[in-house]
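Q: Take a look at the following structure, please.
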2 protein chains.
Amino acid sequence: MAFGEFDLIDTYFTHRWPKRDDVVKGVGDDAAILTLPSDSELIIATDTMVSGVHFDEQMPARAVGHKVAAVNLSDLAAMGAEPAWLSLALTLPEMDQEWLEGFSHGLREICDYYDCHLIGGDTTKGPLTLTVTAHGFVPQGTALRRDGAKPGDWIYVSGSIGDAGLALAAQQRKVQISDSHYRRVLERLYFPSPRVALGQALRDIASSAIDISDGLKADLGHILQASNVGARVDVDELPLSLALTESVTAEDAIRYALHSGDDYELCFTVPESRRGVFDTVLARHPAKPTCIGRITSEANKLRLERNEEPWQGADEKGGYDHFG
Amino acid sequence: MAFGEFDLIDTYFTHRWPKRDDVVKGVGDDAAILTLPSDSELIIATDTMVSGVHFDEQMPARAVGHKVAAVNLSDLAAMGAEPAWLSLALTLPEMDQEWLEGFSHGLREICDYYDCHLIGGDTTKGPLTLTVTAHGFVPQGTALRRDGAKPGDWIYVSGSIGDAGLALAAQQRKVQISDSHYRRVLERLYFPSPRVALGQALRDIASSAIDISDGLKADLGHILQASNVGARVDVDELPLSLALTESVTAEDAIRYALHSGDDYELCFTVPESRRGVFDTVLARHPAKPTCIGRITSEANKLRLERNEEPWQGADEKGGYDHFG
């Protein structure tokens, strides 16, 4: 096919994409040249999606384009960062113009929404694999980290969790759900909303934060490990969607919320002393966070409870680990 | 295998790696936190290597680790940037500990040499693919670009070119060469040296620069296009190694130098007014650049000459294009 790498970038990834003033030079040189606001720190995240592993042929190209940016912006959100620039490494088996049309459309939509400038990357031939590196910034010293949780801090989760896992299970015919519920949860699996505004609002409020990509149990576990603390979580407080609670048993809904990933909500902790400010900020955010428990001093110990008794439905299943 | 993604990072990519003071938080959170020197601009490059496309099973894992960093550092060098941080997206078909040992060794060696801190990335399961995003910086406004060449500027190439192409041809048994020459050129194919020090020395001297990844003809062509100028190049001035000139005919040696990529030398232009300073700087650099021609006002026209006559060996073969 007489369609070159340079044409590809020119056709699909250049025109009518959002431009930012802090990009001195974007696509078209050996590397991009950027300026950073003064007194700020740079935040950098990288995530890869591999065809056949993170998505399959059922997933529309537009959703692939949205999601590969969304998962990276979700990492920036978990740091409290303002997103700015994306690099894209795109490995494609062949020049599939229809797929590229959809993919670049999905990617451009989310770049438009968050004012992200695609500053460069690489296109190569090979098995379909996408890597995005996302860059953002925070005022110096304000980044949210995993290692700041203290005993007594309250634990919150934004939005609802377990929906993306339900969508995947339904798609793999492991569970039967209604068409309308399926459409709703599939939207969450395919077009996750990174909690960018919430993350930034939490900068001076939360003591720690993480995005839920591998499941609440695994990701809260990362906070506990990094902060050297424990947690008590009341399983009846987990924020569950109607789609989830109406599709599976009450106990299974909790299991989806705990163990399935890909929801890209934020899990974060708030010290007692910041709860007043937090409630004020909260009122402005649509992804209203729910308090699910409290940090304890028992290092690395996550207690799942119901009415202050151990939850009987707990099992040992952890989060998603690619080489587990 | 009871070997997880987190163990992988911990075992191969954390301990005894170079650490930098400007890394507030590297591996181990949702994203890395970095500080930039004041009055500087950030330079970002991304390159991917795919197994079966950019390298094959013959290539030692240590060379893969070296090269995926080197090609990115070469992009930073072509901008005149000082390298600082690397992100790595590593997609692996299986947990091959021997390969990982070699790969991480090669990557760590080059990180050590250039004082680069591996700040994060992603490890996923899938066909062997590596994407590195390299970050560096330049004092504000000093980045070397492709679009600054002016008629009358002198054209230079560092080191020697065509060696990596010869190594590939020999490996594919398209040409027969002596064992000692093969060892020498294979080293260049497997362990290219990004011209980082030279690039930084050229900041206030060169009017444009690019690294030679796709072949001199194609990459000088990018300078001509971006700068809207032309060039005259004397093919007898091309810097060729003894390994190249002793292995193929004189005309073929020129063709290797013009058309084969992967040498990662710098091609750059120097205005007449900066030649005095340039010669002073030159004396300090081992990768002594050779003057091969001059920029003209004929937009996009590359004239290959010998004794000021058109070179008869020219053909239409361009550089490497993945989807050509």
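Cβ coordinates come from backbone N, Cα and C, glycine included.
Pulled these from TrEMBL:
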type: BINDING; residues: B:Asp30, B:Asp75; note: Mg(2+) 4 binding site
type: BINDING; residues: B:Asp30, B:Asp75, B:Asp211; note: Mg(2+) 3 binding site
type: BINDING; residues: B:Thr46, B:Asp47, B:Asp122; note: Mg(2+) 1 binding site
type: BINDING; residues: B:Asp47, B:Asp75; note: Mg(2+) 2 binding site
type: BINDING; residues: B:His54, B:Asp262, B:Tyr320; note: substrate binding site
type: BINDING; residues: B:Gly121, B:Asp122, B:Arg146, B:Ser213; note: ATP binding site
type: BINDING; residues: B:Asp214; note: Mg(2+) 5 binding site
type: DOMAIN; residues: B:28-138; note: domain 'PurM-like N-terminal'
type: DOMAIN; residues: B:150-298; note: domain 'PurM-like C-terminal'
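Describe the structural context of each listed feature in the structure shown, including burial, neighbouring residues and relevant distances.
A: There are 28 other CB atoms within 10 A of the CB of B:Asp30 (Mg(2+) 4 binding site), with all protein chains counted.
B:Asp30 (Mg(2+) 4 binding site) falls outside any helix or strand according to DSSP and counts as coil.
Reduced to three states, the DSSP call for B:Asp122 (Mg(2+) 1 binding site) is strand.
Close to B:Asp75 (Mg(2+) 4 binding site) in the fold, though at least 6 residues off in sequence, lie B:Ala45, B:Asp47, B:Ala134, B:Asp211, each with a CB less than 8 Å from its CB.
Residue environment of B:Asp262 (substrate binding site) contains 22 other Cβ atoms, counted within 10 Å of its Cβ in all protein chains. B:Asp262 (substrate binding site) falls outside any helix or strand according to DSSP and counts as coil.
Neighbour density for B:Arg146 (ATP binding site): within 10 A of its CB lie 25 other CB atoms from the protein chains shown.
Taking the Cβ of B:Asp214 (Mg(2+) 5 binding site) as centre and 10 Å as the limit, one finds 21 other Cβ atoms among all the protein chains shown.
Across all of the domain 'PurM-like N-terminal' (B:28-138), the predicted model scores a mean pLDDT of 95.
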Q: Would you list the binding-site residues among B:Ser213, B:Asp214, B:Asp262 that come within less than 8 Å, Cβ to Cβ, of chain A, in the order they occur in the sequence, writing 'none' if nothing qualifies?
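A: Among the binding-site residues B:Ser213, B:Asp214, B:Asp262, not one has a Cβ sitting under 8 Å from a Cβ of chain A.
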Q: Quick one: Cα separation, B:Thr46 (Mg(2+) 1 binding site) versus B:His54 (substrate binding site), in Å?
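A: Between the Cα atoms of B:Thr46 (Mg(2+) 1 binding site) and B:His54 (substrate binding site), the distance comes to 15 Å.
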Q: Given the binding-site residues B:Asp47, B:Asp122, B:Asp211, and counting only Cβ atoms in the protein chains shown, which has the most within 10 Å of its Cβ?
A: B:Asp211
Q: Please report the number of other Cβ atoms within 10 Å of the Cβ of B:Gly121 (ATP binding site).
A: 26
Q: Run through the domain 'PurM-like C-terminal' (B:150-298) and tell me, per DSSP, how many residues are helix, strand and coil.
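A: Tallying H, G and I as helix, E and B as strand, the rest coil: 67 helix, 25 strand, 57 coil.
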Q: Roughly how many Å separate the Cα of B:His54 (substrate binding site) from that of B:Asp30 (Mg(2+) 4 binding site), to the nearest whole number?
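A: On Cα coordinates alone, these residues lie 30 Å apart.
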Q: Minimum Cβ neighbour count within 10 Å among the binding-site residues B:Thr46, B:Ser213: which residue?
A: B:Ser213
Q: Where does B:Asp75 (Mg(2+) 4 binding site) sit in DSSP terms: helix, strand, or coil?
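A: SS state of B:Asp75 (Mg(2+) 4 binding site) = helix.
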Q: Tell me, how many other CB atoms lie within 10 A of the CB of B:His54 (substrate binding site), whichever protein chain they belong to?
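A: Its Cβ has 21 other Cβ atoms within 10 Å.
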